[in-house]
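The transmembrane segment feature in TrEMBL is assigned to 5-22, 42-64, 76-94, 114-136, 148-168, 208-230, 237-262, 282-307.
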Amino acid sequence: MKKYITITLQAGFSVLLIYFLIRKADFHSVAGYLRACSFKFIALIYASYILLNIGQVLRWYFLVRNFSSDIRVHKILKYHMAAIFFHGFIPSSMSIELIKGYQLSRLIEGKKAYGSVIFGKVMGVGVLFVFFVCIIAFKPSILMQSAFAKQVIWGMAGFLLLGCLVFSKKVSRILFGRFSGFFQTGMLKKVKEFREELYNYRYNVRSLLWAALMSAVIYLGSIAATYFSFRAVSINVPFLACTVYIPVIYTLMMLPVSINGIGLRENLLLVFLSEWQVTPDVMVSSSAIMYAILYTFYLAGGLVILFDRLKGVRSGTEKTDP
């Protein structure tokens with residue numbers, strides 16, 4: 001019951017945010033932007049999403065390839081496409097991680113499967129923090145211009161510090177050594193086992209480096225897709241502005257306050273990029289293009305599921321033939 005209430009509240013919040021955005025938009029202007037959109041930039045948005053999905057598939061593959069000899073890139077791609085299909089239609093902020101973990105648990109132990117997708121998410125935040133620090137190193141005036149930027153970077157630093165403490169040897173000895181008796185039953189035992197699976201990643205440095213590189217590719221893909229969506233409607237938002245604010249927005253979208261970040265993303269972009277002529281009309285137009293492209297990827301995931309099931313039916317039929 002609690003789960004349904006949470007989903008209802010998240011859906012209501014998303015609908016409310018979309019309503020406020022649409023109410024401010026002039027649909028004659030939106031139609032004009034869409035009629036004048038550049039197909040060259042639409043193709044570049046597609047290319048950016050392809051790059052983003054390749055990064056997600058390879059990051060997951062590098063994190064799990066040592067768990068089983070049955071794990072291959074094409075299987076990870078199939079599981080990823082199935083996950084993004086359900087993610088597009090299931091109202092949950094964590095749906096893609098849960099579905100990926102469920103799919104992979106067919107090949108490896110469940111805690112390893114779910115641990116890999118959660119660790120990928122955590123690693124993404126870590127790489128995002130490095131991304132943000134590098135941007136500020138090249139343009140420190142951002143901290144002077146935006147108090148929000150300071151809060152974000154300190155929040156990310158606190159998150160990573162907490163992660164380092166949990167994974168440090170000293171904290172491990174205290175939590176799982178001296179107080180080991182508390183972690184022997186029920187949910188606490190599962191937490192301990194799950195944490196141990198995540199802890200084992202520190203011994204596979206090469207895979208971690210590859211996964212970190214793919215996390216950077218993922219963020220570059222998401223930044224480029226948003227940048228080209230504005231260019232498609234003839235709004236020239238600087239790429240540096242997208243590079244600074246998109247990672248921040250995607251971090252906030254991880255909060256479980258809306259359905260898959262819908263509505264939250266658009267309103268945050270409107271707030272952060274308003275000085276570059278991003279108006280509600282522009283935001284509705286660029287978002288319409290992005291979601292249309294995004295749902296073609298979701299539907300492609302549905303086709304992967306369909307063909308995989310048809311293949312399974314044919315395989316089963318062939319086995320029963322005399």
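Each Cβ is built from the backbone N, Cα and C atoms, and glycine gets one as well.
Bear in mind that the values here come from a model prediction, so they are computed numbers and not experimental data.
The listed stretches are 5-22, 208-230, 237-262; of these, 208-230 has the most Cβ pairs under 8 Å to the transmembrane segment (282-307). When the stretches 42-64, 114-136, 208-230, 237-262 are ranked by Cβ pairs under 8 Å to the transmembrane segment (5-22), first place goes to 237-262. Two recorded stretches are said to be in contact when at least 3 C-beta pairs lie under 8 angstroms, sequence spacing 6 or more; the transmembrane segment (42-64) and the transmembrane segment (208-230) meet this definition.
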